[in-house]
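Asks: Mind looking over this structure? Questions follow.
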């Protein structure tokens, strides 16, 4: 997914817009961004450099069964609309990514919140992270139980403590102290998750392959109208994992990273592989060297595949509002909202567009 396929057109447009901004702004402000004429063509709809706000979400990388493809696509589209509505209301990128991921956590089609995969004991343990690109503040939780929306708890860690991550029982104590309601563990378990857990108790089962296969970690990245960037990622982890296992999601630089100077990334895939290459930070390093979100995402994913044989996907955004949704797995459900247009896809090379107000 290349958000700027005609670089000459975009560069010329930005040069022109800068000249207009210089004529229209006499107070030195840099917040002016030109409004682009709404075009239906694919090329121009992807050349929205400087079109803020923008939000991109993913529903996990893997191989989605045919009967669940539409559910996954509908889920990410709904989450993108929810997060984008927050941005359109003038609220922050952090508000938007948390709203989008909360929406996905409440959707049983995804491996986060309600619908999380089960550990080897048949229980739900979840990880989540948020990061604010303006201040580099971050909050995360790992191996949490009985919390419907771990992403909201991660935000509380960022805003109400001096720590970056709380885990297991300590995270639960903190949730209670913050007044976050607990829910019964069974209320987070779907019949689909229970079926997969039982299936993968067999001695010859491959939990890594299965985790990449049917339900996904969820995440979002966004840039608000003030140019501030944020990311959020949430997961139930790896299917049939050992009790207490923590993957990439809760680890800053692995399961997410946001920096106003470079951009934001939310990954999905095999957590151990993502951690070995610190995927989110690796991609932003390449972007800081001048690569586009697509180029940096492809290089980061290629590095992970070459060095540790890991497959996965990412959603990425830069400070100018250019974005990418890239993956090396068979599929990844994703959606992006920008300039009143919703982009979405599941299969490689797929980019369907519709008006953001279209409920279909």
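Each residue, glycine too, has its Cβ placed from N, Cα and C.
Computed from a predicted structure; not experimentally measured.
Checked TrEMBL, it gives:
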| type | residues | note |
| --- | --- | --- |
| REGION | 14-38 | region 'Disordered' |
| ACT_SITE | 217 | active site, nucleophile |
| BINDING | 245, 246, 247, 248, 268, 269, 270, 271 | substrate binding site |
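I would like each feature placed in context: is it buried or exposed, what are its neighbours, and how far apart are things?
Replies: Around residue 217 (active site, nucleophile), the C-beta neighbours below 8 angstroms that are at least 6 residues distant in the chain are 58, 60, 61, 110, 111, 112, 233, 234, 235, 236, 249, 267, 268, 269.
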Asks: Within 10 Å of the Cβ of residue 245 (substrate binding site), how many other Cβ atoms can be counted across all chains shown?
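Replies: A count of 17.
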Asks: Sequence gap of 6 or more, Cβ distance under 8 Å: name the residues on the same chain that satisfy this around residue 246 (substrate binding site), in order along the sequence.
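Replies: Non-local contacts for residue 246 (substrate binding site): 127, 142, 143, 167, 237.
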